[in-house]
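These features come from TrEMBL:
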type	residues	note
DOMAIN	34-87	domain 'Acetyl-coenzyme A synthetase N-terminal'
DOMAIN	98-485	domain 'AMP-dependent synthetase/ligase'
BINDING	197, 198, 199, 200, 317, 531	CoA binding site
BINDING	393, 394, 395, 417, 418, 419, 420, 421, 422, 508, 523, 534	ATP binding site
DOMAIN	539-619	domain 'AMP-binding enzyme C-terminal'
BINDING	545, 547, 550	Mg(2+) binding site
MOD_RES	619	N6-acetyllysine
Ligand code: WTA
């Protein structure tokens, strides 16, 4: 068995840092070099200085890192602070008091703005309401809400009184909500009558009622319901209360409770490749420090920016880069409630023009979907307010990168392709916009303080350029997960056991090029093995997306007598090319892969489809495609699938 993963695609385009961007950046080349040096020489001092400088402490810490129970690390553990205080109260001094903290646009076009002072008031009212409903420090509170300011208010209110929130994405089913309520034993559930999505109502409260059936093993005593859609719902006597009634008699003064640095801030479920979702939990101080610093470094957030991260607060991206990171920096955060292409495919671009958005952070799945619709939609709008673009969630194919950079960013905006995970709390590998030249498809260099490595099957460092292997982190960092809720054994098993607890194992494969830039190659579980060559999915998919007719592609392996595995590619065409001759296209795509990578990666089977099966956070579900390509019956859990109808379509997808 080979010990490394072959790298095949060589992308040579490079875009230097624009000089005017570099001049004004929060982090310049000199500071970057200094930070890296400090982190290497004296990590305790490096992290301790940053934590003292960027956070406000109620009780200062003496200890930086405790590693005696490694890999259960503890950071700043004898210090105390409150996360909500750091995100809101400290911006009330001076001019930022009356600046917009949140600008929200509803799907129907309604706009609401909350200044920091208003957010402060709403957060305290709701924090008092939670206390009045019996919520105490350490209790779990579930939040199952639409993307409205109250979702952010609820999260901050929990943080203010030391309750541990668990946000459940509003697109999840009653079943998924039930599992999370059971696992966290949340006492209070905060929801809404419904959520707007593409002009229709998602009946959140009805889902909640199903999840709360008495026979389920939950601990919910109180349900707080926000009126959003006006949908008729059942309010259960003694259990359910309207948001407005819960806050009506409350005082708008609720002091922030100082928390131990290591007290959990939240639990967030992430699906693994096997088994039930894992409840990843994060700390208060370390998590806040890392989400704040990365927002400052990677997004270069400034007081005058209007910053938009398109993620829902139900994902880690929403936690770190809609709520905690930007608010800790005193930024103006834009929130959008509804579907991205509603009522038309130019909704994003219209909002960017309307609100003067300067920083946009979204996902490759969205970028590819917009690319598929054609350039005419963004062209209708003035996107000149944009100065920085970001991406997260999957490898960004170089052609999707080029489209984003040119068509959306007008060729002038640095692009931050950020690699990180629910578990890492914040960005780990990402370009710094004032420092690092961009290479399309690469997430560039580890951030200061982050020690990312590539290792082979045996755990030895791979030093040669362009040789793929396991991506691992070999030093702790403050934003790292503190465990799996209620299951310490699973934490060890999932992230540390593979190489004898020496490294945090991300589960991704990656390579580093001769400039030390990282290139993500896909999940380790999805690695393909053709004639003894181990190939990551990302490079083959990028070679397919490089064809002008292709919007999106997913590649999986099927058993093959001679080669071990043969490749099967699922391909989504751009709208303009949907009438093209499929046989000709199939031949052209095989030729393209052969030219860009080599005959080894030439797909035996190419299947055209309208969409790919994805998780609700937009990740392609390759395991499912693997079963389909192999003609197996689907045994995987499809409850996280975005659109179940897709299975039927793919089952009968035509072979080329
Ligand atoms: C993938 C999202 C390539 C990767 C913050 C990782 C990426 C998983 C990138 C985590 C990127 C995320 N390039 N792959 N820039 N960003 N991934 O927990 O496989 O939803 O392990 O966190 O997404 O997904 P999660």
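Note: Cβ is positioned from N, Cα and C throughout, glycine not excepted.
Automatic prediction, not curation, is the source of TrEMBL annotations.
Annotated features taken from TrEMBL, shown on the structure.
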{"residue": "198", "record": "CoA binding site", "contacts (Cβ under 8 Å, 6+ apart)": "107, 338, 339, 341, 342"}
{"residue": "199", "record": "CoA binding site", "contacts (Cβ under 8 Å, 6+ apart)": "107, 342, 343"}
{"residue": "200", "record": "CoA binding site", "contacts (Cβ under 8 Å, 6+ apart)": "none"}
{"residue": "317", "record": "CoA binding site", "contacts (Cβ under 8 Å, 6+ apart)": "309, 311, 361, 363, 392, 393"}
{"residue": "545", "record": "Mg(2+) binding site", "contacts (Cβ under 8 Å, 6+ apart)": "368, 397, 398, 399, 400, 551, 552, 553"}
{"residue": "547", "record": "Mg(2+) binding site", "contacts (Cβ under 8 Å, 6+ apart)": "588, 589, 592"}
{"residue": "550", "record": "Mg(2+) binding site", "contacts (Cβ under 8 Å, 6+ apart)": "544, 571, 572, 573, 574, 577, 589"}
{"residue": "619", "record": "N6-acetyllysine", "contacts (Cβ under 8 Å, 6+ apart)": "365, 393, 394"}
Binding-site residues: 418, 422 - member with fewest neighbouring CB atoms within 10 Å:
422
In angstrom units, rounded to an integer, how far apart are the Cα atoms of residue 523 (ATP binding site) and residue 531 (CoA binding site)?
20
Of the binding-site residues 317, 395, 420, 422, 550, which ones put their CB under 6 Å from ligand 1?
317, 395, 420, 422
Return the residues near residue 197 (CoA binding site) by Cβ distance under 8 Å, restricted to its own chain and a separation of at least 6 in sequence.
107, 171, 338, 339
Pop the Cα-Cα gap between residue 531 (CoA binding site) and residue 418 (ATP binding site) into the table, whole Å please.
32
Fill in the CA-CA distance, residue 422 (ATP binding site) to residue 531 (CoA binding site), as an integer in Å.
34
Residue 531 (CoA binding site) versus residue 395 (ATP binding site) - Cα distance in angstrom:
25
If the CoA binders are 197, 198, 199, 200, 317, 531 per the record, what's the largest distance between their Cα atoms, in Å?
50
Residue 420 (ATP binding site) and residue 531 (CoA binding site), Cα-Cα, nearest whole angstrom:
31
Residue counts (helix, strand, coil, in that order) that DSSP gives for the domain 'Acetyl-coenzyme A synthetase N-terminal' (34-87):
25 helix, 7 strand, 22 coil
Average the pLDDT scores across the domain 'Acetyl-coenzyme A synthetase N-terminal' (34-87) and report the rounded value.
98
DSSP-wise, what's the residue breakdown of the domain 'AMP-binding enzyme C-terminal' (539-619) into helix, strand and coil?
28 helix, 27 strand, 26 coil
